[in-house]
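Listed in TrEMBL for this protein:
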- GLY9, PRO10, THR11, SER12, SER13, GLY14, LYS15, SER16: ATP binding site (BINDING)
- THR11, SER12, SER13, GLY14, LYS15, SER16: substrate binding site (BINDING)
- 34-37: region 'Interaction with substrate tRNA' (REGION)
- THR100: site 'Interaction with substrate tRNA' (SITE)
- ARG123: site 'Interaction with substrate tRNA' (SITE)
Amino acid sequence: MSKLIVILGPTSSGKSSLAINLAQKFHGEIISADSRQVYNGMDLGTGKVTKAEQKLIPHHLLDVISPKKQFTVAHFKPLAQKAIAKIHKHNKLPFLVGGTPFYIYAVIDDLQIPEVAPNIKLRKSLRNKSTAQLFVILKKLDPRRAKSIDRHNPRRLVRAIEIIKSTGKAVLLLSIPTAVEGSLILGIKKDQNELYKLIDQRLEARLKQGLVAEVKKLLKQGVTHKRLQEMGLKYRFVSLYLQGHLTYDQMVTQLKSAIHKFSKRQMTWFRTDQRIRWITTEKQAEKLIKGYLSATIRKI
């Protein structure tokens with residue numbers, strides 16, 4: 001029986017630090033399940049663990065590719081599966097950790113990501129639609145996918161519409177449930193007001209640490225403002241600020257609000273999964289993992 005610990009939760013809930021502590025205690029290694037942390041040079045804006053933290057515990061699927069290139073769940077899934085197999089081969093416990101629901105479930109439920117060729121005619125018909133209009137279209141076709149997708153990313157919205165139009169099925173219906181049989185899924189639960197406070201504090205810290213400078217460096221390396229708009233909230237809003245569309249204070253205020261809303265969407269998705277064991281402390285997580293490992297040994 002393959003062992004896998006999943007640690008998920010909303011942004012700024014403390015997934016990375018918890019995972020490092022648990023991986024140290026249970027002889028584990030960490031696989032990042034974050035759609036932005038795969039990119040080189042995108043550190044502060046993605047909440048990527050520091051080099052010092054990476055020395056404490058081996059981390060997989062960080063800094064995989066240039067941000068000028070595309071990386072999707074279809075690329076992520078086989079890499080994550082290889083990492084899990086490699087960790088097992090070394091007799092260690094894999095921890096799949098992140099806040100990108102589609103990436104997590106692609107692995108634990110073996111979602112079958114269809115190889116759909118670009119539909120030029122469909123793309124032309126969607127070209128002039130706003131992201132809000134694209135999101136409405138997707139929500140009608142595939143409500144569950146709409147809950148997890150970045151609703152401000154036109155490329156991902158169009159691709160999701162393209163896939164369901166081509167296959168006639170929602171991606172999550174093209175899955176094999178419980179493919180990673182018996183994985184333990186831990187979810188970090190936070191009071192909403194506490195979480196919002198953590199989000200705001202983390203954003204302020206990232207800005208002080210040099211988030212704007214990080215975005216400027218990406219631009220100098222050839223990452224376009226258009227591409228930054230696809231790279232998540234922090235990069236999107238800093239890009240707008242650098243282009244003069246927002247003042248610094250407007251950027252901070254609007255970004256905090258957007259991240260709050262994003263965290264709610266993450267939790268909306270996760271709450272639909274009855275397999276998640278919700279925790280509020282590290283001790284709770286330790287107890288659940290010990291019980292899980294004992295039960296796993298008995299089944300072998």
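Every residue, even glycine, has its Cβ placed from backbone N, Cα and C.
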What are the non-local neighbours of THR11 (ATP binding site), defined as same-chain residues 6+ apart in sequence with CB under 8 A from its CB? GLY47, GLY99, ILE199, ILE259, PHE262, SER263, GLN266
Roughly how many Å lie between the Cα atoms of PRO10 (ATP binding site) and THR100 (site 'Interaction with substrate tRNA'), rounded to a whole value? 9
Can you tell me which recorded positions out of GLY9, SER12, SER13, GLY14, ARG123 are within 10 A of THR100 (site 'Interaction with substrate tRNA') by Cα, answering none if there aren't any? GLY9
List of residues, in chain order, with Cβ under 8 A from that of SER12 (ATP binding site) and at least 6 apart: GLY47, LEU195, LEU198, ILE199, ARG202, ILE259, SER263
Looking at the binding-site residues GLY9, SER13, GLY14, LYS15, SER16, which has the shortest Cα distance to ARG123 (site 'Interaction with substrate tRNA')? GLY9
Neighbours of THR11, SER12, SER13, GLY14, LYS15, SER16 excl. site residues, C-beta within 8 Å of centre, substrate: GLY9, PRO10, SER17, GLY47, GLY99, ILE188, LEU198
Taking every protein chain in this structure into account, which of the recorded positions SER13, THR100 has the most other Cβ atoms within 10 Å of its Cβ? SER13
